[in-house]
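Chemist: Sharing a structure below in structure tokens format, with a few things to ask.
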């Protein structure tokens, strides 16, 4: 009776509610918890809840305990062993990853194709200094001497190309005699007396200095050539050539000394007993990976770095040749000593190739660049060669290589001539006959290399569909004004001709224009068309926004200067 009265006490509402009828039910422990919501219309009841992760959700209100079999370790292990997944649900992602792997596998082949072609381009420009340049200087001198016999038919005493050849020859001879005052033996022993760490720092400083002085040196030579050949109204204006000439001589001499110090440091590393210095110098190449791989690269920046790698690899080959000549001279040209040096030479070359492959593979991977871009780079270099063979070309091919890759052959040629003449003694008639035969062999190698390169270049240009750029050259824009729409069509009678078999050859060039017509020289359009064009170009002067876009793109594609690190990001 007391319990019933307590249940029917005021405030309880007669329905089990308390605390003023607020509807908070008592739990087993006397605490209040919210009542689970009732199942609405169309919703499953708590007893009909679905299975989640292999367990049935328990109703907290009913306080149903979980079964011990649902929490067993064996069931968890069984689920881990038998669960599956479907890769086709993310097909695009995995296809992209597979293409990246294929690209990395193609990089060594495509990169070495570009390197092989570029090294032979550098070799062609380097052999030009030893073979054809002396002959061209001789012909220019012969024309200058015999000019009074033929009369002054032209205002120019010499053609611009002949003036440039004469300047190159004079600079080469002056710097060669200046190099005789530099003692190679004293430099070798001075460097050998330094500690390993000092030599490592010196070698790194020399590499940076070589890039800096190369970027400024080509500008000095270009300034000299233009100052000597530009039209002048007064004879007094010719005096300006003298300071430019002395600056060019000083540059070539200092650059030759810098390369000599590099070769001497490498020679000390080869002759060290424990080879520790050589190992440290080789490990320096792998530091280059850290400095370049984790940077953002566009196609044009990668082309810039590829040209720098070509130049660096060819320079290293010449330095190794100088080291072998100096060592063979010290051992009286004993062939057994060459096989002692051969493993170290192979190790240096292999490390250089491995570093280039790893560097380019990861750069293309991180920047989503395909391996086909290297064929476009090769076509751009081939276009430089083909355009420089025309009669109205604006520059010599060796100068074009210098501007494109930063490879300046004059200082390296001066050093090699100095080392060869000091290492090999020419005595007797038979020795001079051997020298003449060797020179004829160099000329034959140069001609054969040029013919093969020209044929390959025409093939690459044709494959890249850049032939029309030779037939329709872009006119040279006035300084300070953007290049507008071309006023006329550059008519040519013969250019790159294709025979019945499909082979391409370079024949005669466009006809000479009248004097009153604007000069439309065949410029190196590979600066503007660095990569293979995917479609026809639109008119530049359609609207102002498109003009701004194309002018910015043109600035990025003009990669005819050797930058400091070879991978500048604009």
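The backbone N, Cα and C atoms fix where each Cβ goes, glycine too.
A TrEMBL annotation is a machine prediction, not a hand-curated record.
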Chemist: Examine the ranges 245-270, 271-296, 297-322 and name the one recorded by TrEMBL as transmembrane segment.
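Modeler: Here TrEMBL associates transmembrane segment with the stretch 245-270.
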Chemist: According to TrEMBL, which stretch among 93-110, 147-164, 165-182 corresponds to the feature transmembrane segment?
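Modeler: That would be 165-182, per the transmembrane segment entry in TrEMBL.
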Chemist: Which one of these stretches, 24-41, 42-59, 60-77, 114-131, shows up in TrEMBL as transmembrane segment?
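Modeler: Here TrEMBL associates transmembrane segment with the stretch 114-131.
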Chemist: Which range, 371-388, 389-406, 407-424, 461-478, does TrEMBL list as transmembrane segment?
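Modeler: In TrEMBL, the transmembrane segment feature sits at 407-424.
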Chemist: When you check the transmembrane segment (165-182) against the transmembrane segment (407-424), do you get at least 3 Cβ pairs under 8 Å, counting only pairs 6 or more apart in sequence?
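Modeler: In contact, yes.
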Chemist: Against the transmembrane segment (114-131), which of these stretches has the most C-beta pairs under 8 Å: 245-270, 407-424, 430-455?
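Modeler: Stretch with maximum Cβ contacts: 430-455.
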Chemist: The transmembrane segment (407-424): which same-chain residues, six or more beyond its ends, come within Cβ distance under 8 Å?
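Modeler: For the transmembrane segment (407-424), the far contacts come to 122, 125-126, 128-130, 168, 171-172, 175-176, 179-180, 184, 214, 217-218, 221, 252-253, 255-256, 258-260, 263, 310-311, 314-315, 318, 321-322, 325-326, 328-329, 398, 401.
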